[in-house]
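Here it is, the structure in full.
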Amino acid sequence: QCLYQFLAFVPPSNESLRKPGTASVMVDTQHPLTLLLNSSVGDRDLCKIQYHFGEFGNYSLVVKTLSTSTQTVSCDLIINEGPINSYLPILFAFLVYMGILAILIAGRLLMKIDPVRNWVYKKLNPRATDRMINSELGSPNTTESVNCDPTPHPWSTASRRRLHSLDTFRGLSLVIMVFVNYGGGKYWFFKHESWNGLTVADLVFPWFVFIMGTSIALALGSMLRWGSSKWKVLRKILWRTFVLILLGIIVVNPNYCLGPLSWDNLRIPGVLQRLGFTYLVVAALELLFTRADSGTWEGRFPALQDILPYWPQWIFILVLEAIWLCLTFLLPVPDCPRGYIGPGGIGDFGKYPNCTGGAAGYIDRLLLGEKHMYQHPSSGVTYQTTIPYDPEGILGTINSIVMAFLGLQAGKITLFYKDQHNQIMSRFIIWGIVMGIISAILTKCSKEEGFIPINKNLWSLSYVTTTSCFAFVLLLLIYYLVDVKKWWSGAPFLYPGMNSILVYIGHQVFANYFPFKWKMQDSQSHAEHLTQNLTATTLWVIISYILYRRRIFWKI
């Protein structure tokens, strides 16, 4: 439903030289396009062609006049040069990483053979080698964190029993996030969707929020069991929130590209800011109602012991969601239809060019000001929007709180059914199915035609239910492989998962420095972009592994 945009004027043919009039244009290959040919006389539609062009293909649209009296024409699309297979670099990269994985697995199996291990003893430092072999991969015996508080915490020994699946889940989300932020090989499915829809890039942030909620349930319960007062825990929550928001505003601020940072162009919302505020609300909500002991609930429905005792929390979350629904669909927005959640610009046939995001965009512009918002939203390219829109804006924060609360529920499940693997996995499955059913109803299993489409820019309700459905299923698989069967240590995702703040901030700060980025020979090559982005992402995994081996963990 995009407004037609002018591509080119085709001059008339030169009849004396029998030379046709020609015009050359470049078109988008991410989406199917509709080409409309108009007559310069009478502004009449001559022909319309719908086609999905391929990358680096060369095409001709040949237009011939069949009858001058009736002004009928024929339009034929000819493929002069077929499009390239742009996915071959992904296949090659996959094979390379699988080869590296096979070598590592083979090396690990060889280290279990006594003669080989003895030979390694002789070649390497015996003490260092012994420590490397005898330590369980992915499980440090002690935890030394770079922290502002040098006092050892009495609950630090709980890290020995930590669920490695949570760190692996967090690390997997973070690695994909780093890869996507570095460019994702310039593939469309590694970029954020222009408006409605879902790509790989749209999954990682809500997954990170989800696992943050899971960690809140485990961390707060552990602190209280080890004797910390709720006031002390609250102070820690407030401090962590303050540091996250400060880092997001001062260190990781995309408006640096507009010049030196100043209040005039300071972007107030952001990823870390949203994480900080979401953490504050969900952690405070859990602290208010959590219990130091996680024993069996003696109510009427023991099967719901992870839900019913916390009914005030659910009421609070439902009220928050009701507020989001009311503001989104009932708030009057000047010069926009009530309940509009479209992209604006040339979308919806250009009827509402300045209504990007509806109420969400209006609230941000009203309360924050246009200069304090994200200046280059993903809707700008496809829908040619001209006003700023912030995907981490105020209204969407409500649903990020809901997402973290669903993650908190996953944490409660692991607490209440500790070591009962079947109970934990069955509940993860049930929650995933419930979220999937809600998503199917809200979206009508359609990208555009549902009641509430999946939309990352808006953080719509269906976006939360869909990504949480995937999160429950993914957490179930990782939990089964890492913590139940112990078939997988979680490596290499475990390492960035245990140093997530450092990796996230580091990859943003050093994004434009060698060896994370260099000048490419062909900026239109998927292979070069993919090589650069995978190299940068792999370097951060290696850095996190080195920090892990040295037991350096940066925590806030």
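Glycine is treated like the rest: Cβ placed from N, Cα and C.
The following feature annotations were taken from TrEMBL:
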- 90-111: transmembrane segment (TRANSMEM)
- 162-282: domain 'Heparan-alpha-glucosaminide N-acetyltransferase catalytic' (DOMAIN)
- 169-189: transmembrane segment (TRANSMEM)
- 204-225: transmembrane segment (TRANSMEM)
- 237-256: transmembrane segment (TRANSMEM)
- 271-289: transmembrane segment (TRANSMEM)
- 310-331: transmembrane segment (TRANSMEM)
- 394-417: transmembrane segment (TRANSMEM)
- 424-442: transmembrane segment (TRANSMEM)
- 462-481: transmembrane segment (TRANSMEM)
- 493-510: transmembrane segment (TRANSMEM)
- 530-548: transmembrane segment (TRANSMEM)
Are there three or more C-beta pairs under 8 angstroms joining the transmembrane segment (530-548) and the transmembrane segment (493-510), sequence spacing 6 or more?
yes
Cβ under 8 Å, sequence separation of at least 6 from the ends of the transmembrane segment (169-189): give me the contacting residues as numbers and ranges.
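Sequence-remote neighbours of the transmembrane segment (169-189) are 30, 86, 89-90, 199-201, 203-205, 207-208, 211, 215, 474-475, 478, 490, 492-498, 500, 503-504, 507-508, 511, 516-517, 526, 529-530, 532-534, 536-537, 540-541, 544.
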Looking only at the domain 'Heparan-alpha-glucosaminide N-acetyltransferase catalytic' (162-282), what are its DSSP counts of helix, strand and coil residues?
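Final tally across the stretch: 90 helix, 1 strand, 30 coil.
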Relative to the transmembrane segment (271-289), which of 204-225, 237-256, 424-442 accounts for the most Cβ pairs at distances under 8 Å?
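Between the stretches 204-225, 237-256, 424-442, 237-256 has the largest tally.
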Near the transmembrane segment (204-225), which residues from the same chain, at least 6 beyond its ends, have a CB less than 8 A from one of its CBs?
155, 158, 162-163, 166, 169-170, 172-174, 176-177, 180, 233, 236, 271, 274-275, 278-279, 282-283, 286-287, 290-294, 400, 403-412, 414-415, 456, 459, 463-464, 467-468, 470-471, 474-475, 500
Under 8 Å between C-beta atoms and at least six residues away from its ends: which parts of the chain pack against the transmembrane segment (90-111)?
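Distant Cβ neighbours of the transmembrane segment (90-111) are 117, 120, 133, 137, 185, 187, 527, 530-531, 534.
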So what pLDDT does the domain 'Heparan-alpha-glucosaminide N-acetyltransferase catalytic' (162-282) average out to?
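Mean pLDDT across the domain 'Heparan-alpha-glucosaminide N-acetyltransferase catalytic' (162-282) comes out at 88.
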Report, as numbers and ranges, every residue of the chain located at least six residues beyond the transmembrane segment (310-331) whose Cβ falls under 8 Å of a Cβ in that stretch; write 'none' if there are none.
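Cβ under 8 Å, 6 or more out: 285-286, 289, 338-339, 341, 358-360, 362-363, 395, 398-399, 401-402, 405, 412, 458, 461.
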